[in-house]
Amino acid sequence: MNKKKIMSILVSAFLITNLSSNIIFADIKENVYINQYSEGNRSQPIAEKLVPRSEIQASATSALTGEGPEKAIDGNTSTLWHTPWAGVDIQINPQSLTLKLGKTRNISSICVTPRQEGTNGMITDYKIYSGDDVIAEGKWKSDSSDKYVVFDNPISTDNIRIEAISTVGDENNKHASIAEVEVYELADTPVKLAESNNKVINNGNGGNYEGDISEISLLEEGTAIIRFTNNGSSLFSISNNERTNEHFHVYINGGAIGYELRKQSGNLATGSVNKALNAGINTIAFKAEKGKGYSIYLNGEKILTSSSITANFLSTLEGLNTLSLGKTDRPSGSNEYNFTGEIDFFELYSKPLADRYLKERTGETTSKDLPFPEGAVKTEPVDIFTPGELGSNNFRIPALYTTKDGTVLASIDVRKGGGHDAPNNIDTGIKRSTDGGVTWDEGKIILDYPGASSAIDTSLLQDDETGRIFLIVTHFAEGYGFGNSKTGSGYVEIEGKRYLKLLGANDTIYTVREGVVYDSNGEATNYTVDNNNELYENGNRIGNVLLSNSPLKVMGTSFLSLIYSDDDGQTWSDPIDLNKEVKTDWMRFLGTGPGKGHQIKTGRYAGRLLFPVYLTNASGFQSSAVIYSDDNGATWNIGETATDGRLMDNGDRASAETITTNTSGGVGQLTECQVVEMPNGQLKMFMRNTGGNSGRVRIATSFDGGATWEDDVVRDENIKEPYCQLSVINYSQKIDGKDAIIFAIPDANYPNRVNGTVRVGLITENGSYENGEPRYDIEWRYNKVVAPGTYGYSCLSEMPNGEIGLFYEGRGSRQMSFTRMNIDYLKADLLQDVPAANIKSYTTNSENNIYDPGDKISLNVTFDQTVSLIGDRTITADIGGKEVLLTLANSKGGSEYTFEGTVPADISNGNYTITIKGKSGLKIVNVVNKVTDITEDRNTGLNVQVGEEVQSVDKTLLQDLVDSTSNLIKEDYTEESWILYEKALEVANKFLVNEIAVQEEVDAAKPTLENAYK
């Protein structure tokens, strides 16, 4: 049969997705260099292994002393190979790094890591050689991301040379540098051992794998990849369901993504990382490498690497008999970590797959930045404090404050002894911004106690009347911190006056009175103490009372220190110890609620300065309170705690002084806190808490400026509280016509500190208390995740222009980040205008688009973004009035799906348009959880030919002739002539009704009929 070739009307396309790293492919045959995603994820699963650095020898055309070629293979990206400072013209005299590989190897890819600090010598144009043969060339971006060169066909070679053709930096094309090179060689071909698709799982049900796992259970290494909609608990597992603790699983829990390899005897390997997930579909890969360790990849990024020379993956577990999706199959009564959600696909391979492939595959679900509506502002985060500044590699506990003059102050713990809390050498640092947080000065230390003494957890406040700025901080002597703080104020009261207590040998008590040290009998000694806590004997310095080796030293308890500035934060006073005024002897710990204080603006207590604090009693039970001043900070008092008066289960009222965890009767501990003001001057204290139905923010109310608190401490069910410091401020302007507060905290369950979220709360009056005071409720009208991923302590401040500044811990103790946003941004629903995936094109796999009845037909449906298809993975096509069921056969790149079916056997020949019938039961969801509507019929714009193409036939003249003979009279003709006429008429009518009659037949019938009746 002759078939005419008909081209499809629409052409398929692939979604281009960006990874955090710039990964470059090198097509050796065509010498073309393109981003790996611009070809639509062409890679196939590949296993490769790193050529051991110990087997590589590096040399270079030239090198700077101390930065030789060996630095490029030392496994440390902080070191580098660098050409001499004298420089050469690289474009005339190219510089190169040569790696001798020890033996001939099949090289599959190379990863080049540029220098991580600065740009000098960073290579852009490059060539890569094997011997004298160019095996790759191209151009790299001038940034610090890893650069991959991937060979479609492995290169058999014993050496690799990387040549710099052009570079950037202080003097373009004068220097060359490389931080690290990794060379990968081909490993054994991976085998897909298990696969499962299209699972809808409800509370762990619906994800059982029925295949044989005997080979899987022996794996010493391998790779698993899973695509799913965002939900919690176990994603997939391999377990012995007859033992409580004999399993491996990969899970998500709140904001944590992790894995657990566990035996009856205990954990063999675990790891987790806090990372933000897409609202819709996500892709995770887990890789186990024997003798090396374990890795996790999420949405195009390698997020976790755990090294282990004993890593043997599943082979270390006994009796493995189940593979499950959406749960960990364990004996009855055990926690199976049940998952509810949808799993697009799961694949398990016998080998550790290539790092670049896993970034590519998981990168199919990389989320693009959402567009901002007009008027919305959100700046990219900048790190205010970074490792190496102020003599420290670690910082924590950000505080932020905007002064009356518009200066923004950012204070921080400068943790010189490491990222941990006290005991530690911790100073107080500060930076200033005079342009609303756009730029910052170089910063300085403003409080530095001697040795490893600590100043931890700062809080800032300015007196609007005097302009004086106060900073309070918790202070410990060397060797002490929250955990080992001793009960007591650190002072001794004598005749109504309180004096600093010093302890000598055998804890003999001394006191400091106007700088002179008195013994326990009240007699003056030869010791004196100056304002810097230096200890003197007969005028000779012999120590410092804050140091552990001093003959006399302060009590090992917490102290509250206050410093102040009268010049907008440029200079600061010496510290003043507030324990003398505010700490009582039943308190074991008294410390700041880090962040900021508050000055009451309205009502009977207007002008009062207050700082949130929290404290513990002798048993360690925590309670929240405030210290306050009514004389512009000259003297300070401490109010009752929010614990005092709370109703316990036994009907008694709690006392912060005596309550214990054993006697608390359902009353949880209240800890770090912040305070805001209601329209009438009433205070609301927001508190971190633990025990007693914790997990949500607690709010206390004060009618007397913080001196006492309402007995009922409200649990706000709207705000998760993962036992992390929170920040809340009053906003100066009305929002939606109402007074408002701004609130920030990780939006996660304990113990995860992830997904930094800023909320807008509108203050609404709702009735009154029994004392007649108005009752205010907070309507949390808007919220936005502004810092996905790791997010710890934070502090908010309103910028001079009305924007909101947020200073937060972005990555442990090393990344102290700052961002600005406006109210329009916080109010905007960024997802509202993000479209669901659209079908971009339809194509068929036929070269000529002509089919016979009964032929197989394939329809490719390409979306404009990555999607998952969940549910009934079929579509129905209408071809020539016949319904054709098409079933999903395969997919490519997450955006192109191929459906296959059969052309109906009873369809007539002809040219037909393909229409896709509307349907339900198939969910097409993207990374932001938007679902594509396919309930309406869709014209694909594709035409297909069934059978031979039928040429158009003109039957008009023949029909006219037949019609003209209808009035003939038989008697006017001879019998023989009439018979001839009837036969000719029969033939003519036959061709008129015959749909496949050709023009030649029709044309021949006309003269035959004419001759018959004439």
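Using the three backbone atoms N, Cα and C, a Cβ is placed for every residue, glycine included.
Lifted from Swiss-Prot, the feature list:
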SIGNAL    1-26  signal peptide
DOMAIN    39-186  domain 'F5/8 type C'
BINDING   ARG396, ARG688, ARG873  substrate binding site
ACT_SITE  ASP421  active site, proton acceptor
REPEAT    431-442  repeat 'BNR 1'
REPEAT    563-574  repeat 'BNR 2'
REPEAT    627-638  repeat 'BNR 3'
REPEAT    700-711  repeat 'BNR 4'
For ARG688 (substrate binding site), what residues in its own chain, 6 or more apart in sequence, show a Cβ-Cβ distance under 8 Å? LEU670, THR671, GLU672, CYS673, VAL697, GLU721, TYR723, CYS724, GLN725, LEU726
Which sequence positions outside the repeat 'BNR 4' (700-711), separated from its termini by at least 6 residues, show Cβ-Cβ distances below 8 Å to it? 600, 604-605, 608, 610, 624-626, 628, 637, 639-642, 644-647, 653, 670, 675, 681-685, 687, 769, 771, 773
Can you give the mean pLDDT for the repeat 'BNR 2' (563-574), rounded to a whole number? 98
Residues sitting near the repeat 'BNR 2' (563-574): Cβ under 8 Å, six or more positions beyond its termini, same chain? 403, 405, 407, 409, 428, 430, 432, 446-447, 467-471, 473, 531-532, 633
Would you mind reading off the Cα separation of ARG873 (substrate binding site) from ASP421 (active site, proton acceptor), to the nearest angstrom? 54
Nonlocal neighbours by CB distance (under 8 Å) for ARG396 (substrate binding site), same chain, sequence gap 6 or more: ILE412, ASP413, ARG415, GLY419, GLY792, TYR793, GLU809, SER813, MET816
For the repeat 'BNR 3' (627-638), the DSSP residue counts stand at 0 helix, 5 strand, 7 coil
Assuming the binding residues for substrate are exactly those in the record, ARG396, ARG688, ARG873, what is the maximum CA-CA distance in angstrom, rounded? 50
Same-chain residues at least 6 apart in sequence whose Cβ lies under 8 Å from the residue listed as 'active site, proton acceptor': ILE456, GLY481, PHE482
Using DSSP, what's the helix, strand and coil tally for the repeat 'BNR 4' (700-711)? 0 helix, 3 strand, 9 coil
Would you mind splitting the repeat 'BNR 1' (431-442) into helix, strand and coil residue counts from DSSP? 0 helix, 3 strand, 9 coil
Through the lens of DSSP with three states only, how would you label ARG688 (substrate binding site)? strand
